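Engineer: Okay, these came from TrEMBL:
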type	residues	note
DOMAIN	69-180	domain '3-dehydroquinate synthase N-terminal'
BINDING	72-77, 106-110, 130-131, K143, K152	NAD(+) binding site
DOMAIN	182-326	domain '3-dehydroquinate synthase C-terminal'
BINDING	E185, H248, H265	Zn(2+) binding site
Amino acid sequence: MQEVYINLGARSYSIYVDTGLLPRLGEYLKVFKLTPRVLLVTNPVVGSLYGTAAETALKNAGFEVIRAEIPDGEEYKSLATAEKLYDLAYTRELDRRSPVVALGGGVVGDLAGFVAATYLRGVPFIQVPTTLLAQVDSSVGGKVAVNHPRGKNIIGAFYQPRLVLADLDVLKTLDPREVRAGLAEVIKYGVIADQAFFAWLEENLERLLALEARALAHAVAVSCRIKARVVQEDETEQGRRAILNFGHTLGHALEALTGYTTYRHGEAVAIGMAAAVRLAVALGMFPEGDAARVINLIRRAGLPVEVPAGISPGELLASMRRDKKVLAGRLTFVLPVEIGRVEIVRDVSEETVGRVLRLCYN
Ligand SMILES: NC(=O)c1ccc[n+]([C@@H]2O[C@H](COP(=O)([O-])OP(=O)(O)OC[C@H]3O[C@@H](n4cnc5c(N)ncnc54)[C@H](O)[C@@H]3O)[C@@H](O)[C@H]2O)c1
Ligand SMILES: O=C(O)C(=O)C[C@@H](O)[C@H](O)[C@H](O)COP(=O)(O)O
Ligand SMILES: [Zn+2]
């Protein structure tokens, strides 16, 4: 078992990374001061695979489970879906100590977390992430949100979970496309914060693609440790936390412009990271050889590195102007200076971004 502790004062919590955790969910919850009714939020795919195990674990520990299944897909990470959960929570008389448990990937986690943050102005929230992406990133750090039809995560909050249980066993049923999408955020951590981890990924990528248990445990724990460090330093993204957004300025624009249905989040971030390293090279900040290493690793993970032909640089720029990192109208990018170190750059001209974007098509 690996434990990563996020030290945030009264909002501190542990992330446990191990096999065999889901059947122990109830035991883990018992240590908190909760009332017995639990809102278990999942989707039909995860619910059919792991819903019974989660319910049994909770019931054995004395909880009463209200299961809510939201439709599968990023396009359902919306206010409309959140409203259905508020209705259910209100109708079933959930109180201020009734926990919301998110059992699923990042979509379930972000949406259930948003509901937990806002229902009765906040109820206890537990993350049981079931995708690689959710275990290494979305379940950790407290960003919860729903999408606006034109902008990613536009409506949200910072609301920390009480506990994260990352059970590596559940990753065995993931579609390979989802494993690759999760690897995009894992590669992100190497580029932004840890050169040695990046080199380890270059050596061990095939073990991760094959879901080898020891390699996965290492990648999940190191990723969570890196994210924990950044979140502890700047919980509400007043500054440095934005480094976790490497690849996301363009990635989020691509997701929104394609109606949230074409790319997995990790795939859009992969294209965004490839564009960001090209931009850093164009600005003379980052050596070409290092850019080639990053793009090569993204490619080896089976992820896209090119902007699709159907979307113009003008459309991308218009969407990126509404990115949450924009201040006083200036586009903001997270750009590497070396592998393992990035800077937040606010003074790139749109002309330069447009020129680099044109190099990012196939
Ligand atoms: N809050 C944050 O800090 C943060 C960080 C990164 C990403 N995100 C958000 O996370 C979302 C992406 O999350 P995701 O990549 O997990 O996508 P997802 O939640 O859509 O899950 C991907 C697919 O895998 C299926 N699935 C989940 N667990 C499974 C399992 N164990 N076995 C088989 N199938 C399973 C799901 O049903 C879905 O079809 C995006 O909305 C993104 O914005 C948030
Ligand atoms: O936790 C963070 O901070 C991140 O930026 C992690 C990202 O991987 C994640 O996609 C996050 O949801 C993006 O947040 P946003 O504030 O850019 O919407
Ligand atoms: Zn992300």
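For all residues, glycine too, the Cβ spot is worked out from N, Cα and C.
Curation plays no part in TrEMBL annotations; they are all automatic predictions.
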Engineer: Using a 10 Å cut-off between Cα atoms, which of these binding-site residues sit near H265 (Zn(2+) binding site): D72, Y76, D110?
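Structural biologist: Cα filter at 10 Å returns nothing.
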Engineer: Within the set D72, E74, G106, V108, H248, which binding-site residues show a CB-to-ligand 2 distance under 6 A?
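Structural biologist: Those binding-site residues that pass the cut-off, since their Cβ is under 6 Å from ligand 2, are H248.
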Engineer: Return only the integer: C-alpha distance in Å from H248 (Zn(2+) binding site) to K152 (NAD(+) binding site).
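Structural biologist: Per the Cα atoms, H248 (Zn(2+) binding site) and K152 (NAD(+) binding site) stand 10 Å apart.
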Engineer: Take the Cβ of D110 (NAD(+) binding site) and count every other Cβ within 10 Å, whichever protein chain it belongs to.
Structural biologist: 24
Engineer: Look up T131 (NAD(+) binding site) in the DSSP assignment and reduce it to helix, strand or coil.
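Structural biologist: In the DSSP reduction, T131 (NAD(+) binding site) maps to coil.
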Engineer: Which binding-site residues from the set E74, Y76, G106, T131, H248 come near ligand 1, judged by a Cβ under 6 Å from any of its atoms?
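Structural biologist: Listed by sequence, the hits are E74, G106, T131.
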Engineer: In terms of DSSP three-state secondary structure, what is the assignment for K152 (NAD(+) binding site)?
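Structural biologist: Looking at the DSSP assignment, K152 (NAD(+) binding site) belongs to a strand.
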Engineer: Rank the binding-site residues E74, Y76, V108, K152, E185 by the number of other Cβ atoms within 10 Å of each Cβ and report the first-ranked residue.
Structural biologist: V108
Engineer: With DSSP as the yardstick, break the domain '3-dehydroquinate synthase N-terminal' (69-180) down into helix, strand and coil residue counts.
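Structural biologist: Helix (H, G, I), strand (E, B), coil: 50 helix, 30 strand, 32 coil.
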Engineer: Near the Zn(2+) site, what residues other than E185, H248, H265 in the same chain have a C-beta no further than 8 Å from the centroid of the listed C-beta atoms?
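Structural biologist: The answer, listed by sequence position, is L133, D137, A184, K188, G247, G251, G266, A268, V269, G272.
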Engineer: Name the residue among the binding-site residues D72, G106, T131, H248, H265 whose Cβ has the smallest number of other Cβ atoms within 10 Å.
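Structural biologist: Selected from the binding-site residues D72, G106, T131, H248, H265 on minimum Cβ neighbours within 10 Å: D72.
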Engineer: Report the DSSP secondary-structure composition of the domain '3-dehydroquinate synthase C-terminal' (182-326) as helix, strand and coil residue counts.
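Structural biologist: Its residues divide into 103 helix, 1 strand, 41 coil.
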